[in-house]
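**Student:** One structure follows; several queries about it will come next.
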Amino acid sequence: MLSLTRILRKKIPVHELAGKISRPPLRPFSVVVASDEKGGIGDGGTIPWEIPEDMQYFRRVTTNLRGKNVKPSPSKRNAVVMGRKTWDSLPPKFRPLSNRLNVVLSRSATKEQLLAGIPDPIKRAEAANDVVAVNGGLEDALRMLVSKEHTSSIETVFCIGGGTIYKQALCAPCVNVLQAIHRTVVRPASNSCSVFFDIPAAGTKTPEGLELVRESITDERVSTGAGGKKYQFEKLVPRNSEEEQYLNLVGRIIDEGCTKCDRTGVGTRSLFGAQMRFSLRNNRLPLLTTKRVFWRGVCEELLWFLRGETNAKLLSDKGIHIWDGNGSRAFLDSRGLTDYDEMDLGPVYGFQWRHFGADYISCKVDSEGKGVDQIANIVKSLIENPDDRRMICTAWNPAALPRMALPPCHMMAQFYVSNGELSCMLYQRSCDMGLGVPFNIASYALLTFLMAKASGLRPGELVHTLGDAHVYSNHVEPCRKQLKRVPRPFPFIVFKQDKEFLEDFQESDIEVIDYSPYPVISMEMAV
């Protein structure tokens, strides 16, 4: 149910140009390839080795979905992108590759001609929705696969060859959305290979700026196939230097930080003064990958802030329990807020954003037209005077702090426009590196996207300035575990539909695609 505050408030219109930043220009993708020590992948028509284990690996990687026990279906499956020669090299009985959308690149072949190569008429008819012909190269396929028709139904896109398509994968613009390379390394090298795929060695940088990092590699194994070829499964990912900023800071805090007591009684290791920068261009979303971040919670909370809400029950009813501890009867009473109903947080973030300076009575009292609407004022400046240096939103109101369940940690954001791009600098006074900061990074990235939609700008950069950056003592070991993980490329944000007003966006309107994080690392919240 919508709150009375949300229904009555004067809303912020979404700009007519908002649709231009609703999705990335190209669909992110991964490469799957088997190559020998010299980069050989075949002779242009056949694969010069028989490794049944590689075939099983290929099927598993390109077919399996990320959710536990989730089976592919037309409403959610992966896509495999291949050249015409690769399609023709598939045994007819295996065309199309099952449980995947088969995207075939050809300058001449039509979908009907591709389907005609399937001998079984029943299977040919069934394959009509499983094959797409694209008249062009990999870039054209990725542009098609990021369209509204495919964004939600395709989980991961895999480029599976041949040689020309692989080369396109490592060149701009496609390389800019490369997420991973799954490689089967075959030994010894085959003398019959005439087609090669040169993958840059880990740690080296290509002219396009690609630097690959090895995430994993198996021990060398011997195939049961003819010839007993040796093989290894290797996964390479583009280096994510932006997430490395976060990991390096966490490591430095653990190793060099000052041991301090704190309000919660848990204790911290702390450093003072740090900064991280994250690009938001082309809808890249800085959602950390070295552990799963609760995106739905990030999105629901930010939209709750944006509407000026202060009733934590609105979040709790949606399964978002991040404010339950601070909204509990016991916690409110400990703050002297005995007149508040349970889950009334007082004049916290959203109230300050939309009603700064107004008197706060309770979360049930409408404050429409009272105080300063900082968000609306910033949007007005972004449109009318984008060079303004006063586009600041602050949640830190000293006069209202005693009435807040919790003083704001992320307390001030300044917006900046350059060359049609909107950037945001966040100042955070208290920075819980284990739990809070990953959440805050994604939250202010989303805020920047939404402010760009309201002002007709493109998202630029998020600059995160940290004051007291700390790791709680009971988070040290979980953080050490996280530091051992190789960060993967960030995902992308898609707005499935635009709204007339900024406050009308729902979590269901916003989707994160190609998010492939490591599993959750449990950390207890200090209250």
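Yeah, the Cβs are placed from backbone N, Cα and C, and that goes for glycine too.
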**Student:** Name the residue, out of ARG214, ARG221, ARG239, ARG263, that Swiss-Prot lists for the same dUMP site as HIS410, GLN428, ARG429, SER430, CYS431, ASP432, ASN440, HIS470, VAL471, TYR472, please.
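**Tutor:** Record source Swiss-Prot; matching candidate: ARG263.
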**Student:** Out of LYS85, LYS167, which of the binding-site residues has the smallest number of neighbouring Cβ atoms within 10 Å?
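**Tutor:** Each of the binding-site residues LYS85, LYS167 was scored by Cβ atoms within 10 Å; lowest is LYS167.
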**Student:** So what sits near GLY161 (NADP(+) binding site) in its own chain, CB-to-CB under 8 Å and at least six residues off in sequence?
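**Tutor:** Within the chain, GLY161 (NADP(+) binding site) has Cβ neighbours under 8 Å at VAL33, ILE41, MET82, GLY83, THR86, PHE197.
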**Student:** How far is it from LYS85 (NADP(+) binding site) to ASP54 (substrate binding site), counting Cα to Cα, in Å?
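**Tutor:** About 20 Å separate the Cα atoms of these two residues.
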**Student:** Say we define neighbours as other CB atoms within 10 Å of the CB. Which of the binding-site residues VAL32, ALA34 has the fewest?
**Tutor:** VAL32
**Student:** Return the residues near SER106 (NADP(+) binding site) by Cβ distance under 8 Å, restricted to its own chain and a separation of at least 6 in sequence.
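**Tutor:** Residues satisfying the criterion: GLY83, ARG84, LEU114, ALA133, VAL134, ASN135.
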**Student:** Tell me the Cα distance separating LYS167 (NADP(+) binding site) from VAL32 (substrate binding site), rounded to the nearest angstrom.
**Tutor:** 13
